[in-house]
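A short worksheet on the structure shown next.
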Amino acid sequence: MADEALSIYDEIEIEDMTFDANLQIYHYPCPCGDRFEIAIDDLRYGEDIAVCPSCSLMIKVIFDQSDLPKEEKKETEGVSVKA
């Protein structure tokens, strides 16, 4: 989706957003009373539009990849397989 086709409510610096480490999302208050949300994985893959789940408003998140928290490596449990 091209940004020109979207109706963007505002542009917000990522430093002004709140990061929820448990849910791995950034959020920012929406005028409707809910909040804009965007997943950190979406940001890592180049997505920069946060949406409000309660209304039609969207914001553009201004950030550099270096602004994002380091990606946590998920440890996998070793599984032994006997043939």
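Glycine is treated like the rest: Cβ placed from N, Cα and C.
The following features are taken from Swiss-Prot:
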- 8-64: domain 'DPH-type MB' (DOMAIN)
- Cys30, Cys32, Cys52, Cys55: Fe cation binding site (BINDING)
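The local packing around Cys30 (Fe cation binding site), expressed as other Cβ atoms within 10 Å of its Cβ over all shown chains, amounts to 21. In the three-state DSSP reading, Cys55 (Fe cation binding site) counts as coil. In sequence order, Pro31, Gly33, Asp34, Arg35, Phe36, Pro53, Ser54, Ser56, Leu57 are the residues of the same chain, not among Cys30, Cys32, Cys52, Cys55, whose CB sits within 8 A of the CB centroid for the Fe cation site. For Cys52 (Fe cation binding site), other Cβ atoms within 10 Å of its Cβ number 21.
Taking Cβ-Cβ distances under 8 Å and a sequence gap of 6 or more within the same chain, the neighbours of Cys32 (Fe cation binding site) are Cys52, Ser54, Cys55, Leu57. Note: the domain 'DPH-type MB' (8-64) comprises 8 helix, 25 strand, 24 coil (DSSP; helix = H, G, I, strand = E, B). If you draw a 10 Å sphere around the CB of Cys55 (Fe cation binding site), it holds 14 other CB atoms from the protein chains shown.
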